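Student: Sharing the record's features from TrEMBL:
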TRANSMEM  54-76  transmembrane segment
TRANSMEM  101-119  transmembrane segment
DOMAIN    119-326  domain 'NADH:quinone oxidoreductase/Mrp antiporter transmembrane'
TRANSMEM  125-142  transmembrane segment
TRANSMEM  154-177  transmembrane segment
TRANSMEM  197-223  transmembrane segment
TRANSMEM  235-256  transmembrane segment
TRANSMEM  276-299  transmembrane segment
TRANSMEM  311-330  transmembrane segment
TRANSMEM  350-380  transmembrane segment
DOMAIN    358-451  domain 'NADH:quinone oxidoreductase/Mrp antiporter transmembrane'
TRANSMEM  401-424  transmembrane segment
TRANSMEM  436-456  transmembrane segment
TRANSMEM  485-509  transmembrane segment
Amino acid sequence: MPVAARRVLGLAVALGCAGFTAAVVSAVGAGEVVELSLGGYDAPLGITLRADGFSVLLVLLTTVVGGLVTLFAAVFPASTGRRLASADAEGTLRWQGEHPAFWPLWLGCWAGLNAVFVAGDLFNTYVGLELVGLTAVGLVALGKTDAWHAALRYLFVAVLGSLLFLVAVGLVVSVTGTLDINQAARVIAETPESHPVVLAALILLTVGLSLKVALVPLHGWLIPAHAGSPTAVSPLLSALVIKASLFVLLRCWLWLVAPGVSPNVGAPEAAASPAITATLAWMSWVLAALGVLAIFVGSVMALRQTRLKPLVAYSTVAQVGYWFLFFPILTNPDSRRLEELPVTELTEDVVIAGALGGTLSLALGHGVAKAALFLAAGYLKEIYGTDELDELRGVGQEHPGLVLAMGMSAVGLAGLPISLSFAGKWQLSTSAFASGQYWIVGVVVVATLLSAAYLLKMMAPLLLEAEEDGHPVSLPARRQSSLPAIAVFPPLALGTLTLVTGFLGARVADLLEVGAPW
């Protein structure tokens, strides 16, 4: 298929996905869990697709970010990668822009993401994760030689993480006899003797998915993959691909295991073994400790960067840490503390729901803001041939719209007021305070200050006057290429969404109630 036809197909798929997403969001927004049994066979014999409030929010994020990145790639083909091709009659190989493999890989990745988010059973969740992982590896490899090395490391991570998840699925099936998530959760709740095996499965899948999410200290693969990928690939990896593994991790903890073994999420008191409860609490504290470590390691490393794309990549490591502060609230909402509060309607379910809503708002806000930042960073690198911050000094004079998009995204990543991330931090901190875990509030405050520091380091050079040997420099003279003006629209639209969605935090919480396990 000609490359131009692939671009048209990509845009057509984006429009089609937007239509389907609107229909599903409308149905779920009305309070209905949308289910579809493929082939007319219900679970456990058939494959069930299930869209609840949790999944539809991720589908919506994928459609918005994926659609705008698709538009960016269509109007700026060189952003899709580099390939070696003959440049003359003698067969001399040179790097050329617009890689034709981008479109099948990206559309395959998009299909895998949606498959993960609406899968009603564990095996098709695994299939979706594999499709996302392998196509993401291929997308990383569309860059130059350095990207090939990053893609190979990413491949090892993707395979190992998926293998651990597959072993965990086998353990769950061995004691429940079903792959369907809802059915397996009911069996786990009714058979306490299955809990040790289920707990072993939970440990395996938590390690495997934490590796794919890039939780410190399992984050080494992320920086070269995200920073070295082509311009149109980096935002997809950071905004969407790692969200698939986070989604599955939260789905397995909250929808599969917790309802059967944790009284905090609806399990009978008699089903809760003290040993199982203690192990879950221990796991949640380990994850939270690694989350705090991720925040500080990612922030400090971001502050040390002199290049734009690695700085943005390290900020992802820091942002991942926020998402793991949720787990101690899940396993220990502290009902005694709730009884002491004057707000009588506050219950453990409300606290857990608030913490999950805050965590998901942070993840959604990160996805939109990070996509805008990576698109803008890649845009500048394509124009000026570098992403060194010192060499990009003063580009705000030449590209005010682009730097405005970066500024709005920086506000979102820092979690400042009116952004969706601020709403997420507020919900998470409120739930932490209600459960007596004040340390989480302290971590969020310190992390916000660190985020503001490295984002200010990113923005400051772009807004200062460009000089060379003490004299002003004409920026257009330093350009190596030019891009169509419409290419500014996707990052600007995403940056605007970073702030506009700040008023939707309550709506995120409402949608999460549709199909929730509590």
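Note that Cβ sites are derived from N, Cα and C of the backbone, with glycine treated the same way.
Show me how these features fit into the structure around them.
Tutor: Away from its own ends, the transmembrane segment (54-76) comes close to residues 7, 10-11, 13-15, 17-18, 21, 24-25, 28, 102, 106, 110, 113-114, 117-118, 231-232, 235-236, 239-240, 243-244, 247, 250-251, 360, 364, 367-368, 371, 375, 379, 382, 483-484, 486-487, 489-491, 493-494, 497, 508, 511-512, 514-516 of its chain (Cβ-Cβ under 8 Å, at least six residues beyond either end).
For the transmembrane segment (197-223), the list of distant contacts is 129, 133, 150, 153-154, 156-158, 160-165, 167-169, 171-172, 174-175, 188, 242, 245-246, 248-249, 252-253, 257, 260-261, 276, 279-280, 283, 287, 290-291, 293-294, 297-298, 310, 313-314, 316-317, 320-321, 323-324: same-chain residues at least six beyond its ends, Cβ to Cβ under 8 Å.
For the transmembrane segment (401-424), the residues of the chain that approach it from at least six positions outside its boundaries are 315, 319, 322, 357-366, 368-370, 372-373, 376, 379-380, 395, 444, 448, 451-452, 455-456, 458-459, 462-463, 488, 491-492, 494-496, 498-499, 501-506, 508, judged by C-beta separation under 8 angstroms.
Sequence-distant contacts of the transmembrane segment (436-456), counting only residues of its own chain at least 6 positions beyond either end whose CB sits under 8 Å from a CB of the stretch, comprise 288, 292, 295-296, 299-300, 302-303, 305, 311, 314-315, 318, 321-322, 325, 328-329, 332, 334, 337, 410, 413-416, 425, 428-429.
For the transmembrane segment (485-509), same-chain residues at least 6 beyond its ends with a Cβ under 8 Å from one of its own Cβ atoms are 57, 64-65, 68-69, 71-72, 75-76, 353-354, 357, 360-361, 364-365, 368-369, 371-373, 375-376, 379, 399, 401-402, 404-409, 411-412, 417-424, 426-427.
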Student: Using a Cβ-Cβ cut-off of under 8 Å, list the residues of the same chain that are 6+ residues beyond the ends of the transmembrane segment (235-256) and lie near it.
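Tutor: Long-range Cβ neighbours of the transmembrane segment (235-256): 54-55, 58, 61-62, 65-66, 69, 106, 109, 112-113, 116-117, 122, 125, 128-129, 132-133, 136, 139-140, 161, 165, 172, 181-182, 184-185, 188, 202, 205-206, 209-210, 212-214, 222, 225-226, 229, 265, 312-313, 316, 320, 323, 326-327, 330, 356, 359, 363, 366-368, 370-375, 517.
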Student: Can you work out which residues elsewhere in the same chain, 6+ from the ends of the transmembrane segment (125-142), have a Cβ less than 8 Å from its Cβ atoms?
Tutor: 80-83, 99, 101-102, 105-106, 108-109, 111-116, 119, 148, 150-151, 154-155, 158-159, 161-162, 165-166, 169, 181, 212, 225, 228-230, 233, 236-237, 241, 244-245, 248, 251
Student: Taking residues 6+ outside the transmembrane segment (350-380), which of them lie with a CB under 8 Å of any CB in it?
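Tutor: Residues 54, 57, 61, 64-65, 68-69, 72, 76, 79, 226, 230-232, 234-236, 238-240, 243, 246, 250, 254, 264-265, 308-309, 312, 315-316, 319, 322-323, 325-326, 329-330, 333, 338, 387, 392, 395, 399, 402-403, 405-406, 408-410, 412-413, 415, 419-421, 423-432, 434-435, 483, 487-488, 490-492, 494-495, 497-498, 501, 505, 508-509, 512-513, 516, 518.
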